[in-house]
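Structure first, commentary second.
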Amino acid sequence: MSDAVISFLKDFLAGGVAAAISKTAVAPIERVKLLLQVQHASRQITVETQYKGIMDCVVRIPKGQGSLSFWRGNLANVIRYFPTQALNFAFKDKYKKIFLGGVDKNTQFWRYFAGNLASGGAAGATSLCFVYPLDFARTRLFTGLGNCLAKIFKSDGIKGLYLGFNVSVQGIIIYRAAYFGVYDTAKGMLPDPKNTHIVISWMIAQTVTAVAGITSYPFDTVRHRMMMQSGRKGTDIMYKGTVDCWRKITKDEGPKAWAALLCWSCTTRSRSTHKHSPSIVSIPPKGTLSAVYVLIV
């Protein structure tokens, strides 16, 4: 087994362990964000019982559902990370060869920048094709991961598990293009990218993920609303499609539907960086617990 493969596996496993810990730590934040995003499209949350805001949601969840409900869907989220991480980096390297072959970053900066955007976006979109049902299950958990997938597949078939996929692809292209594209470009322009201090790498990653999260957040809201429609028939269907969903959210709920949870969401988006070899970049999740990753590797 080559050193590059061993290094990748080490990064991948360490990143996975760090992800499991950090995703579990921030799961309550993700849960609150998700509930506030989908409550207008949920049949379980009536108009009278809808949450008035972040703090109202934080206070009422443990009272009505128990404290452990903050971690509902966390297992699916952790499981989803491993194939997502592997696929993202595998596809990104392939797409970089396509988009950046023969490009000199010193003399063709804008082409280099555009190539990084394209490879990051394409990698994210391709990876999503494989892991989308797990993301869907995290949003629509019934009594468990398997129960959710089985019920939706039985009622709507494979199509039901990919409801909202179109807008998800749009969002992930924007997010991954911004994240990988800007991050790789910024790192590539440093004097010595291979030996950059971890604090500088962390600061770059924090800035990039904040920008990527803000840019892609409206798509995240729409995709979760579309996911909530699986299994519905006839008049129960709220949105005819993603365009109709965008229009109705803007018309009925106003700009606050897009902006209210932005800062809250960004706290779970931050990531850090670490590098072991010139060819493999590992970006472990959630800057709040990035130290876990560094200690592991």
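Residue numbers in this text run from 1 along the chain shown.
Even glycines carry a Cβ here, placed using N, Cα and C.
Note that the structure is predicted; figures quoted are calculated from it, not measured.
Here is what TrEMBL records for this protein:
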{"type": "REPEAT", "residues": "6-98", "note": "repeat 'Solcar'"}
{"type": "REPEAT", "residues": "111-189", "note": "repeat 'Solcar'"}
{"type": "TRANSMEM", "residues": "161-179", "note": "transmembrane segment"}
{"type": "TRANSMEM", "residues": "199-219", "note": "transmembrane segment"}
{"type": "REPEAT", "residues": "200-286", "note": "repeat 'Solcar'"}
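Residue counts for the repeat 'Solcar' (6-98) by DSSP state, with H, G and I taken as helix and E and B as strand, are 81 helix, 0 strand, 12 coil.
Mean pLDDT across the repeat 'Solcar' (200-286) comes to 70 in this model. Secondary structure counts, DSSP: the repeat 'Solcar' (111-189) has 70 helix, 0 strand, 9 coil.
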